[in-house]
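Here's what TrEMBL has on this protein:
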type	residues	note
BINDING	GLY243, GLY244, PRO245, GLY246, THR247, GLY248, LYS249, THR250	ATP binding site
COMPBIAS	1-12	compositional bias 'Polar residues'
DOMAIN	222-621	domain 'UvrD-like helicase ATP-binding'
REGION	1-20	region 'Disordered'
Amino acid sequence: MAVSSSSAQTRPAGTPDHEPAVTDVVAQQIAVEQAHVDRVFAELEKAGVRADSVKAEGLARTQFGRSVETGDAEGAGLFERDALMFHAARRRSMLDTQYEGLVFGRLDIDHDLKPDLGRAATSADREVRYIGRLGVRDDDYEPLVIDWRAPAASPFYRATPVEPMGVIRRRVLRSKGARVIGVEDDLMVPEAPDDLVVVGDGALMAALTRSRGERMRDIVATIQAHQDEAIRASARGVTEITGGPGTGKTVVALHRAAYLLYSERRRFESGGILVVGPSGAYTAYIERVLPSLGEESVTLRALGDVVDAVDTERLDSPEVARIKGSTRIRTLLANAARGRVPEGPTEFRAFVAGRAVRLEARVLDRIRSQVLRQHQRNLAAAAAQAALGEAAWSSLGITGDRDAKAEFLDRWEDHLDVEAFMAAWWPQVDPREVLLWLADPDLVRRHARGSLDDREAELLAASYATALETGTWSVADIALIDDLAARLGPVQDAPKEERGFYEIEELDDLSQYGVTEVQPVSGSRETRAEVVAEDPRGRLLAGRVGKPDEYAHVLVDEAQDLSPMQWRMIGRRGRHASWTVVGDAAQASWTDLEEAAAARDEAFGTQARQRFHMDTNYRNAREIFDYAADVVRRQVPDADIPNAVRETGHEVVEGALGPDAAGSVSRSLEELLEQVAGSVAVVTPQRYAAELAPLASSDGGRVQVVDPMSTKGLEYDAVVVVDPHEITRESPGGVRVLYVALTRAAHRMTVLS
Ligand SMILES: Nc1ncnc2c1ncn2[C@@H]1O[C@H](COP(=O)(O)OP(=O)(O)OP(=O)(O)O)[C@@H](O)[C@H]1O
């Protein structure tokens, strides 16, 4: 640790009159900052009491909307809200050991600073500004801490020695709860004033060297100037953030979400922000970032979890995923959604108003097509019944008798046979049912004629047979369920009286047997759960697929992986939204980038776009990243290769896998567990997954065994990459997915071939 300046004024009382030891100076600086942090916490305690009463009056949330810097009633409302958030955050912090400090920054500012003159003003002319996760003022309404998102905090992120923006010293405070445990300074002028101590080797390096936990941390104390630009960019239109692995795209995008909620709270809190990521592991990994920034109102969804009632992690084979992801499949979905219900009736026969009516399959098909041209299927039962009635009357060949027709149609409306026929011919169709119809290869071939070949039809049908066996959907199915839901319309409840009727019947039946306690028809939760557990089909159809929620802002991470069908699904949730889209084409697992780009453009509409490019890799040690970059460059010459900033002196270790894969991997694992303090991952292709799975229990949960696709967006202290050749062979994106696996390690990596 470096101490570049100190003086008698900054030494603690009683220090002998010689240069103080480095630790003394640091301890003393920590004590100075601790005094301020204590004041902030004391103020918040008082504010907590005030905030509770504000809350009781229901006022707090009606007064949002302006910067915390405002001195009027709205500012007060915002401040009380911050106090409320503080109390929520504190409760959370007891559970969350990662929670790092409410006050994390300090600026010493000289408003008349002339950078080229070098020396800055003495303490009397300087302003001290503290930066934190939320804004806090004292009784006189003087700011004790400024919210990191407020304009007044901006120099903390933007000041550089070339353009210091008045800042002499930028200080980052590290804390554990309310206790300050370290400070790191950056000097923005060539020489510090005598009374200003500068300690530390820079906060960024300190942050990057720390070990990785199970959850991503926020970077609010060390956001870099180019990242800050993307975070604070205009909320309108589409913001695209690109850059290679580890360049902070995800973490920047999440801070942007927090910034949008701060700068336009009314719009984004009521309209909602949706964050979509590649997998459940990813959402679990990032889920603490926004709460640690004080924001709880963002919806996080994995691609397998975008549609309500369905949540899956199962991946199809690359071949099947390609069929399900391409918009070519829409022909099949459209035809299936418009087609006959399998096993539905193929003709209608009944006596209505004393007349024998018979309608053949051809007529029924024609009526169905006509009705569906104007209506969504699930909303068209009444229209279908009416059209059927007209057709039935025409089939009788009676002309000119208006009264007879009116009487016929009247009887038709509530005829029991017609009702029974309608229930079978035009039932409410769950979009998931339609997908399960596709387990029939003949039906797929018939409906997909011209859009899928026979082999593709075969593969697709087989995948739905698998769904029916396992009771699980695949991630790619979710977008198809969503597409079908949009075609079919929401499933309608049966009319209320009807249900009442059955309930009474059941009640009567049971009472005959002396049963006194009667369950509702839908059954108790336990019974339903049991049925669902033993019945794969029941599992696939559990819950209700509702209308998609719409959001005011949609943030898509790992956007390069979205298939065209997934873009359409997300697009339905952001029809009136602004977007933040984050990605790196060199890490793509969806191969037809052009088709995906077209679907993405359709989702964005004609909105203006702004682009930000990140070119510094903050995750991987330079040795690790150079290794990965060499691999990807060979096959993807135009890959966007960032610059890794941190060296460790530890090269990537290459080894042989040998016939005993588990033995080789576990030896490498032991070494890595010795070398790093945090998380270690074994990234393995499918071939060794079962054999290596037991390694995950080693070392108190520090080790994870994961497939390459599931590591997207994640990172670990150390990684063993197993059989890179096989990873390339089995993955949908080939070497691009291997590139993902090779860029997950922060400090150490072993590759076993
Ligand atoms: N300014 C910063 N200060 C401290 N750490 C940072 C900073 N920027 C990025 N990082 C760290 O770098 C790592 C990589 O960030 P992130 O996961 O957001 O990168 P990414 O570009 O999304 O990567 P990938 O495309 O490989 O998933 C994270 O540990 C993140 O906390």
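Cβ atoms are placed via backbone N, Cα and C, with glycine included.
Within 10 Å of its Cβ, the residue among the binding-site residues GLY243, GLY244, PRO245, GLY246 with the fewest other Cβ atoms is GLY243. Other C-beta atoms found within 10 angstroms of the C-beta of GLY248 (ATP binding site) number 22, with every protein chain shown included. For the ATP site, the Cβ centre of GLY243, GLY244, PRO245, GLY246, THR247, GLY248, LYS249, THR250 serves as reference, and the other residues of the chain with Cβ at most 8 Å from it are ASP584, MET614, ASN617, TYR618, ARG619, PRO642.
When secondary structure is read from DSSP and collapsed to three states, GLY244 (ATP binding site) falls in the coil class. Under a cutoff of 8 A between CB atoms, and with a sequence separation of 6+ in the same chain, the neighbours of THR250 (ATP binding site) are MET216, ILE286, ASP557, VAL582, GLY713. Mean model confidence of the domain 'UvrD-like helicase ATP-binding' (222-621) amounts to 89 (pLDDT, 0 to 100 scale). A sphere of 10 angstroms centred on the C-beta of THR247 (ATP binding site) encloses 25 other C-beta atoms.
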